[in-house]
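S.K.: This is the structure, below, for whatever I ask next.
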Amino acid sequence: MRRSRSSAAAKLRGQKRSGASGASAAPAASAAAALAPSATRTRRSASQAGSKSQAVEKPPSEKPRLRRSSPRAQEEGPGEPPPPELALLPPPPPPPPTPATPTSSASNLDLGEQRERWETFQKRQKLTSEGAAKLLLDTFEYQGLVKHTGGCHCGAVRFEVWASADLHIFDCNCSICKKKQNRHFIVPASRFKLLKGAEHITTYTFNTHKAQHTFCKRCGVQSFYTPRSNPGGFGIAPHCLDEGTVRSMVTEEFNGSDWEKAMKEHKTIKNMSKE
């Protein structure tokens, strides 16, 4: 009996102890559950504070990134209206019309029944439509004159000149003309045209430097020059002309060694370079 009572008492004491420990564990669990949200909030606030501190402690060397605009937006600009003073200005005038280019073919000309004659004339003269028209107009303007062509020996210098088919030649005996055998006829500057070779021409002057003695750099031939007696014209060497346009030549001696006296005595030489 005593043993059964003591064992029952021991069971009761064990139950009481387990109940006490369970009761004490329950409040602890509830307390832990109650503390969990606060701990979470504490960790969140700590992380937010850390991020803020990192933002504050960001080194100043790092510049904020600029927002790039697209190329189209850059071209279009901010879209602001033009200033009022520019808005009041009239629009620029339209560009002038393109001038008509010279015709190079007879098909662009209204020649009517003269077309065949015109084309035959072009072929014989070996000219373009513009060149043929120029030749006919020059012939009309320089009535009684013919077009002579000529140049130096090597062909680097070429020219054309309108003059009579019957040439009046001067044979000067001044120091330089005697040395270079300068026989020439005189024409106004407007009737002379250098076709090519300006870069191949060199000029020699002396004394008064009014006479411009021009020579070809390549072959040394003087085919024309500017005489002292006629600074507004040209002296053309007849022996440098192409064959076929000279009908006759008359030669007159000019006493260039006594130039002032010869100029006073000659009544027409100055007028030979005038129109």
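Using N, Cα and C of the backbone, Cβ positions are placed for all residues, glycine too.
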S.K.: According to Swiss-Prot, which residue among Thr42, Thr103, Thr208 is annotated as phosphothreonine?
M.R.: Thr103
S.K.: Can you tell which of Thr101, Thr226 Swiss-Prot marks as phosphothreonine?
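M.R.: The candidate carrying the phosphothreonine note in Swiss-Prot is Thr101.
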S.K.: Given the recorded positions Cys152, Cys154, Cys216, Cys219, Ser257, which one's Cα is the least distant from that of Cys172 (Zn(2+) 2 binding site)?
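M.R.: Ranked by Cα distance from Cys172 (Zn(2+) 2 binding site), first place goes to Ser257.
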S.K.: Considering Cα atoms only, can you say which of Cys174, Cys177, Ser257 is the nearest neighbour of Cys154 (Zn(2+) 1 binding site) among these recorded positions?
M.R.: Cys177
S.K.: Within 10 Å of Ser257 (phosphoserine) (Cα-Cα), which of the binding-site residues Cys152, Cys174, Cys216, Cys219?
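M.R.: Checking each Cα against Ser257 (phosphoserine), the hits are Cys174.
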S.K.: I need the CA-to-CA distance for Cys219 (Zn(2+) 1 binding site) versus Cys177 (Zn(2+) 2 binding site), whole Å please.
M.R.: 18
S.K.: What's the CA to CA span in angstrom from Cys152 (Zn(2+) 1 binding site) over to Cys177 (Zn(2+) 2 binding site)?
M.R.: 17
